[in-house]
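J.: My questions will all concern the structure given below.
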Amino acid sequence: MSTQMATGLSKSAITENIMVGFIGAGRMAQAMAKGFISSGLVRAGNITASDNNQQCLQILQDLGANTTRKNQEVVTKSDLVVLAVKPHIVQPVLREVAPIVKSDTLFVSIAAGVTIESIESNLPAGTRVVRVMPNTPALVSAGASVLTKGTTASDTDSELVKALLSSIGICEEGSESYLDAVTGLSGSGPAYAFVAIEAMADGGVKQGLPRELALKLAAQTLLGAAKMVLETGKHPGQLKDEVCSPGGTTIEAIASLEKSGFRGALIDAVEVATLRAHALGAKK
Ligand SMILES: NC(=O)C1=CN([C@@H]2O[C@H](COP(=O)(O)OP(=O)(O)OC[C@H]3O[C@@H](n4cnc5c(N)ncnc54)[C@H](OP(=O)(O)O)[C@@H]3O)[C@@H](O)[C@H]2O)C=CC1
Ligand SMILES: O=C(O)[C@@H]1CCC=N1
């Protein structure tokens, strides 16, 4: 793996033969595995996932991946192991697999709040760890991830993880001190957007639109607005101003949103989710 990376091969060449494991085959593992496979970066047959939930394993099997109920088997078979269990399960899982961890296995944790220090301290000394906060739009190759290298992980390791995560969306590298806030913003954020889409559709239905049309318009409107922010480089405030005709419809709606505390509600949402991520990490 490392030799290939050092030669500067293409991303698919870097990841072509990599054996990827998932401990925990739930929603996030499914989204990532599906993205890795559909992007062509990882062969389905090179993925092994463990879980105690047969329904989750079946979803991975349907993608062509190998499945097992034994977490140790994932570690034995994989070059890169994604820890995709709930935060409070991470420590017991690490204690379970630590005795058989090989020195060249890279661990990638996606668990909210769980610090690199707490992961490294439960693995053999020197084990390479990368911590990531992804999100579920990875399922449709529109994910947003931020990664941080552990103390012994190399640039090659972070490039590898970045290549994988870039196949399912955008991936930035940042300080570990950012990761709880990233969790509160983009990790949990899809849920805020889903609530907004549902509520906007409700608004359309209240005004007489058929439900299906209202939902489609609400979702496409958020998608289009997000693309405009990303692709035009304009400040969202400017884009908002461009929709607001003087004395028109939009400024009425914006004034109503401001009265309802829309901005403050979103800022508070990110704050409480960030604090919760921090608290989850403090629980061992
Ligand atoms: N969902 C999201 O949007 C995001 C989640 N994350 C993080 O990803 C991680 C996984 O979240 P998510 O996919 O939503 O969770 P899920 O509950 O969907 O998946 C976790 C899976 O792990 C299984 N599991 C429980 N105990 C073990 C064990 N000892 N060994 C192996 N598997 C086990 C669970 O089975 P059972 O249900 O039977 O307990 C479940 O199927 C979390 O740490 C979360 O913080 C990060 C970013 C976004
Ligand atoms: O709700 C959670 O705890 C996880 C982490 C980010 C998104 N879902």
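Quick reminder: no glycine exception, Cβ is built from N, Cα and C everywhere.
TrEMBL labels come from automatic prediction, so no person has curated them.
Below, the features straight out of TrEMBL:
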type    : residues                                                             : note
BINDING : ILE23, GLY24, ALA25, GLY26, ARG27, MET28, ALA84, VAL85, LYS86, PRO87 : NADP(+) binding site
BINDING : ASN71                                                                : NADPH binding site
DOMAIN  : 20-113                                                               : domain 'Pyrroline-5-carboxylate reductase catalytic N-terminal'
DOMAIN  : 176-279                                                              : domain 'Pyrroline-5-carboxylate reductase dimerisation'
J.: Please count the residues of the domain 'Pyrroline-5-carboxylate reductase dimerisation' (176-279) that DSSP assigns to helix (H, G, I), strand (E, B) and coil.
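T.: Counts, helix then strand then coil: 89 helix, 0 strand, 15 coil.
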J.: Enumerate same-chain residues with a sequence separation of six or more from ALA25 (NADP(+) binding site) and a Cβ-Cβ distance below 8 A; give 'none' if the list is empty.
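T.: Set apart from ALA25 (NADP(+) binding site) by at least 6 residues yet with Cβ under 8 Å, we have ALA49, SER50, ASP51, ASN53, CYS56, LEU57, ILE59, LEU60, THR67, ALA84.
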J.: If you compare CA-to-CA distances from ASN71 (NADPH binding site) to each of the binding-site residues ILE23, ARG27, LYS86, which comes out shortest?
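T.: Minimum Cα distance from ASN71 (NADPH binding site) across ILE23, ARG27, LYS86 lands on ILE23.
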J.: Within 10 Å of the Cβ of ASN71 (NADPH binding site), how many other Cβ atoms can be counted across all chains shown?
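T.: Result for ASN71 (NADPH binding site): 23 neighbouring Cβ atoms inside 10 Å.
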J.: Determine the Cβ neighbour count for ARG27 (NADP(+) binding site): the number of other Cβ atoms within 10 Å of its Cβ.
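T.: Neighbour count, Cβ to Cβ under the 10 Å cut-off: 13.
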J.: Over the residue list ILE23, GLY24, ALA25, GLY26, ARG27, MET28, ALA84, VAL85, LYS86, PRO87, recorded for NADP(+), what is the maximum interresidue Cα distance in Å?
T.: 14
J.: Under DSSP, is ASN71 (NADPH binding site) helix, strand or coil?
T.: helix
J.: Out of these binding-site residues, ILE23, ALA84, LYS86, which one has the fewest other C-beta atoms within 10 Å of its own C-beta?
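T.: Across ILE23, ALA84, LYS86, these binding-site residues, the one with fewest Cβ atoms within 10 Å is LYS86.
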